[in-house]
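Working notes, structure below.
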Amino acid sequence: MPVAGDSETALRLPSVFLGVLAVWLIYLTGKSMAGNTTGLLAAALLTVSPFHIWYSTEARMYALLAACGLAFLLLVLKNLERPSTWRLTGLAIAGALFLYSHIYALLGFASVGVICAILALTGILKSERLGLSNAGLTCLAMAASALAFLPWLIILALRARSVAEEGFWIAYPDPAFLINIAFNMAGSLTVFWVLAGLAVASLLTILHLPGRYFGKPQSADAILVCFAYTAGPPLLAYLYSIFVQPILFDRYLIAAWPGVILLASATAQRLAPRVAPAALLALAIWLSYPELKFTLLEKIRPEWRQIAQDYRALKGEGDHLLLYKGFAAPAVSYYLRDPNAFTAVETVDELGQRAENARWLLIVHTSSEEMRAAEKAFGPGGNSPAARRFGWGASGLTLLERGQAE
């Protein structure tokens, strides 16, 4: 960032801005779905969400994913209600930005696309004539987004095959893992089940409101679209995780979480407009307050700065560092301030080939199985790591010196 510098604060500022933008966008989306009260309640719930606050201060793409996802969802709803050239163009752009923000965006985008296609087909069957309905025009705009995303999709498909073959650091989604995800997202299991229950109930309320929902004929469609946007990513990721390779993780659902909040807010406003919104907000703040306080005052991030300091203190003249895996290269380069001070390797085989020329190995964010394989490839030994700092996965941030690997 040449204007603001490259300090940690400067690197986190874009995420802060995008996190605040997401609050405004969820208000507009809720207002479009079910009125001003729903929008205000959704914005308030997102504002006090520990999950959203935490990832709105990460120097990564998660706040971008949330903001682009809400912009995409808002423009889908606007075009289903009343399309225009500007709205359709905006949807095509927002959809492309959403898709490029993170691989999980593809899951939400595809889920919404399926619902819009069903709505378009239903419109044709009801009218008994071919024509571009609002849903049909929305599908065309989304097709333009998908076309713009195609080059990157090809690259991601190759990467997905590599992940399936080589493994990934994310654990299998057993019940304990899923409960942990629910808690991390809501800050309280009770809050999660209340919001999730209200979100599911939004579908049930449609059945009792034939033709109209919140005074707008299109709002029932909006609820269906929002539900697909919300449920699609976790459901598809879970199925992929149990049948192919674990990929389900809480922070990847940061775009879906506002969808839960939107649906819950719409249901609360519908069931008891004078009481339920305020009660739901008060309940969420009260039950998630311990996690909110922890997030704001105590929660730590992966300790890149500390592990870099450990390495600089321990290394000798001419020592070289191997980094496993390469996705962490930007962080390591930032804190070591020398991109030539280390070599990033992507596979265990590559690690074994380069091990002779390196004295140090930094293993980051890997599973226990991958960690053992990396230690074995680096060289024989039996001592504890030279340094270890907090990070994700079984390895955290583990610094090994040749001769110390198990």
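Any Cβ shown, glycine's included, is placed from N, Cα and C.
Unlike curated entries, TrEMBL annotations are predicted automatically.
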Stated TrEMBL location of transmembrane segment, expressed as one of 12-30, 259-277: 12-30
Which residues of the same chain, at least 6 past either end of the transmembrane segment (222-241), have a Cβ under 8 Å from a Cβ in it? 29, 32-34, 69, 73, 76-77, 80-81, 104, 107-108, 110-112, 114-116, 119, 170, 172-173, 199, 202-203, 205-206, 213, 247-248, 252-253, 255-256, 259-260, 262-263, 266
How many of the residues that make up the domain 'Glycosyltransferase RgtA/B/C/D-like' (3-145) does DSSP mark as helix, as strand and as coil? 117 helix, 0 strand, 26 coil
Compute the average pLDDT of the predicted model within the domain 'Glycosyltransferase RgtA/B/C/D-like' (3-145). 92
